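Chemist: Structure below; questions to follow.
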């Protein structure tokens, strides 16, 4: 976008120029939020923009002649920069000339020496007036105060420029009037016109009637901008028809030549050689000077010639890189094409020497795009990843097209800011944890750890358990995890016999927005401890009584009396059982298989063996330390199952023969025998 305004010079402060928002089609309400500002290379800010309304007004009156000197067109270039998004508009202000300067002469008065013997028609150069205004506002004509001896005529040089000459129209008589005072007036074409005048004092001489004459009215020369001091520019030559001192010519710069040019060049008074004196510090490609040739007569006569020096530019200025706007840091998720910076690249040299090419290294995810004239936009051309590269040093190389070319470099540091684009990462997907049963409450089980390459809150990881149910109980009732470091603790004591293994998931979540997470599966295996004694399944004692097994009275050797069956809820060697005889009423009669628990007779039973026996069997596991259980088995030797089982005392010894019951039986048997014998005797007596 570009807009051009025209404004007259010397316009007062605060005067309205236009509305930039309306002219460029921008919403005025957004100007303040988008940080609108005007950028110019001028040292003064001549215009002011109202960020609320977009109204453009004069901030400081402009003096066109001071700003643009002798340029025919006076333009001020501004750039309007808007952010979010970054936009650039060019504005040009054409400063219109007003007739605010009067013509002026470099000298306060001008003296001319005129020999009295000159015939009418003799001509004398008059000074040119200067008017910094342009066009019709500059000097348009000259007038001379009325005089009977002189009148004014305008002459044209070979380049078309005009200058005034004083023409003698009537012969002079020094004895009647030695001095003539005239007034030369210069007028411009403004409305209303302005004028300036200078007194012209004519002194009548009576010697030296020929003025020097240049070979050319206009001399032209061409030199390089970087020509060293002493370089010959041109040699002028003038001849004087007079002889002797009146014909000797001395050369000098005319008083109308500016002091800057007189310091920049030297002219040899005798040879007419014009040479460079110092540095040619000018911005104009064409310099104009007037050279005066004056003879050495008592009343020296002079003439002038114009010298036009064209300055040929050389490539003596390098490109200038200016960072107009820079956005740093930029987020790593910036899409390709995002504008990072706005650059202004200028070269003061004209023509090809001032044309510039600009580039950055190819191995960077950035590129330069031309914007407006002399402006480039630095944009992203690829994806950014802060975790790989956190910042870039971008070297901008600007090279002009001069011969030889001049290169300028400027380095930008563009920092990449982090976004939450990486979830936490565990080193493994699953992990096995082994824990012994009967662990203490709060026992440390394992510490999970996840890494997040992001920084700040995006890389701060917290841990939590994912909800699940283990054996009908909530996971939170069994375990807890440290939010900060991922340490896992037991909240209860595990029982191998109830729960041998389970698994759960720990979730690692960063603190970004939105948050990213990952999970690890933890397998928990509970190892067994010898915390359960063997349980006797058979034979079973009820109410503290002894289990009784009936064995045939005359059983053979290796007869299976019973098999002790036991179980252990522990695992592995803690559940490996062995069987041992702890006590036997007759150690020679029974033996126990240590692995199977079978109780068998060692030999064949005899009639003389006791009818009751008692053995104590110990069942022991292989834990460390081992645990054991015992069972007492009563063995009754009988061929048939008695109606009532006898009691087995703790000693396991046979009962004595003459106990109270046996005595009662013997007495009863004796009485019955006696009664039977008496009955038989009675029958015998009766029969006899």
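Heads up, the Cβ atoms here are built off N, Cα and C, so glycines get one too.
TrEMBL annotations: computationally assigned, not manually curated.
As annotated in TrEMBL:
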DOMAIN    1-105  domain 'Cadherin'
DOMAIN    106-214  domain 'Cadherin'
DOMAIN    215-321  domain 'Cadherin'
DOMAIN    322-426  domain 'Cadherin'
DOMAIN    427-536  domain 'Cadherin'
DOMAIN    561-648  domain 'Cadherin'
TRANSMEM  663-686  transmembrane segment
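Thinking about packing and proximity, how do these listed features fit into the structure?
Modeler: The average pLDDT the prediction assigns to the domain 'Cadherin' (106-214) is 86.
Not one residue of the same chain 6+ positions outside the transmembrane segment (663-686) places its C-beta atom under 8 angstroms from a C-beta of that stretch.
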Chemist: Under 8 angstroms, Cβ to Cβ: which one of 1-105, 106-214, 561-648 has the largest number of such pairs with the domain 'Cadherin' (322-426)?
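Modeler: Per the Cβ count, the answer is 1-105.
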